[in-house]
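A short write-up of the structure that comes next.
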Amino acid sequence: MFEIGIMFKIAGIIICSVLMVILGRIDRKKKLPTGVKLIFQVLISLIIVYSGVRIEFLRAPSSSSGGYLYLSYLSIPLTVIWLISITNSIGQADELGDITPYIVFIASLTFLVVSIIQRQGLILAEVLSLIMAAISFIFIKYLPRGKFSSYYMSFGFILAVIAIVGVSKSTAALTLLIPLLILGVPIIDSSYSIVVNYAR
């Protein structure tokens, strides 16, 4: 039997992933203003936060609190920033070409190894689902570009959630560092796009 806390997390992940897909589809059809889309992303992120998925601590080897720096009241805003940053990085990566499924696939493989090492069943189930989805998207490249771009926002969101859920073991630093290295190009690209959009 699953604990109540885990059930809340699973429900939150499923609900918020679906909401991100819906938001992505609406954005693709209606071209939502950046501010409006950001508001909805914040609301969805808050749902997942209050379901129990949040960044509660960071690795701090020099800290007197057992090697961890507990975030306290900074936990919620930092979690929301993390979720939105990775979500938009993956969501906008397709502007560089049809590389999003490949980025998701590589990042998911990284998480797969980490989840096996840490024996985290919840992460393993999510990662396997994401890997299968990424492979499916890779093999249907012949469809018009952007056909499935509305799903990429959800992919980024799930990757961000997986990273947070994985930050509970001693290998947490790798859990966050490796995906950041993998997602470096789309993160830089999306950051540049955001700056340009606001500059206009």
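Just so it is clear, glycine is given a Cβ too, placed from its N, Cα and C backbone atoms.
Predicted automatically and left uncurated, TrEMBL annotations should be read as such.
Among the features that TrEMBL reports, transmembrane segment is placed at 6-26, 38-55, 67-87, 99-117, 123-143, 150-168, 174-199.
Sequence-distant contacts of the transmembrane segment (123-143), counting only residues of its own chain at least 6 positions beyond either end whose CB sits under 8 Å from a CB of the stretch, comprise 13, 98, 100-102, 104-105, 108-109, 111-112, 114-116, 151, 155, 158-159, 161-162, 165-166. Tertiary neighbourhood of the transmembrane segment (38-55): same-chain residues 5, 8-9, 11-13, 15-16, 19-20, 23, 32, 71, 75-76, 78-80, 82-84, 87-88, 157, 161, 164-165, 167, selected by CB-CB distance under 8 Å and a gap of 6+ residues from either end.
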